[in-house]
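These features come from TrEMBL:
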DOMAIN    5-127  domain 'CMP/dCMP-type deaminase'
BINDING   His70, Cys98, Cys101  Zn(2+) binding site
ACT_SITE  Glu72  active site, proton donor
Amino acid sequence: MKRLSWQDYFMANAELISKRSTCDRAFVGAVLVKNNRIIATGYNGGVSDTDNCDEAGHYMEDGHCIRTVHAEMNALIQCAKEGISTDGTEIYVTHFPCLNCTKALLQAGIKKITYKANYRPHPFAIELLEKKGVAYIQHDVPELSLGTKDE
């Protein structure tokens, strides 16, 4: 088995973290990285100690489930709770961030977004990223086996 690149490693982690999502409309995982070290992770799910979509169903408004906190926001919130600076970090996320998550990531000082699925990118999100000079790169996660190194 060939050693994973950093980009493949972090994207594979985002994919694995997405398996914790509690909203089946989109299983999303996010990994915040600084200096090639994971500083926080997040997945989409309900507010802590409240109902999740997989328990109470979707809370739909204008075609969106509003019960969930997005993966990117959960990763940023973990940093805020722990007093970890996000300035100059990168995020690896399974889906292109929505407009509100894009704005939050920009405000948090994210310098690069790497995503797997080009899921409904909002034109204003793209405009903001380009105005701020923040790179956004689509990158597919490699097919991985969790078996032994010899497989």
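Using N, Cα and C of the backbone, Cβ positions are placed for all residues, glycine too.
Unlike curated records, TrEMBL annotations are generated automatically.
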Three-class DSSP secondary structure - Cys101 (Zn(2+) binding site): helix
Length of the line joining the Cα atoms of Glu72 (active site, proton donor) and Cys98 (Zn(2+) binding site), in Å: 9
Residue among binding-site residues Cys98, Cys101 with least C-beta crowding, 10 angstrom cut-off: Cys98
Beyond the site residues His70, Cys98, Cys101: chain residues whose C-beta lies within 8 Å of the centroid, for Zn(2+): Ala71, Glu72, Met73, Pro97, Leu99, Asn100, Thr102, Ala104
Helix, strand and coil totals (DSSP H, G, I; E, B; other) for the domain 'CMP/dCMP-type deaminase' (5-127): 45 helix, 33 strand, 45 coil
Mean per-residue pLDDT computed across the domain 'CMP/dCMP-type deaminase' (5-127): 94
Of His70, Glu72 (the recorded positions), the residue whose Cβ has the fewest other Cβ atoms within 10 Å: His70
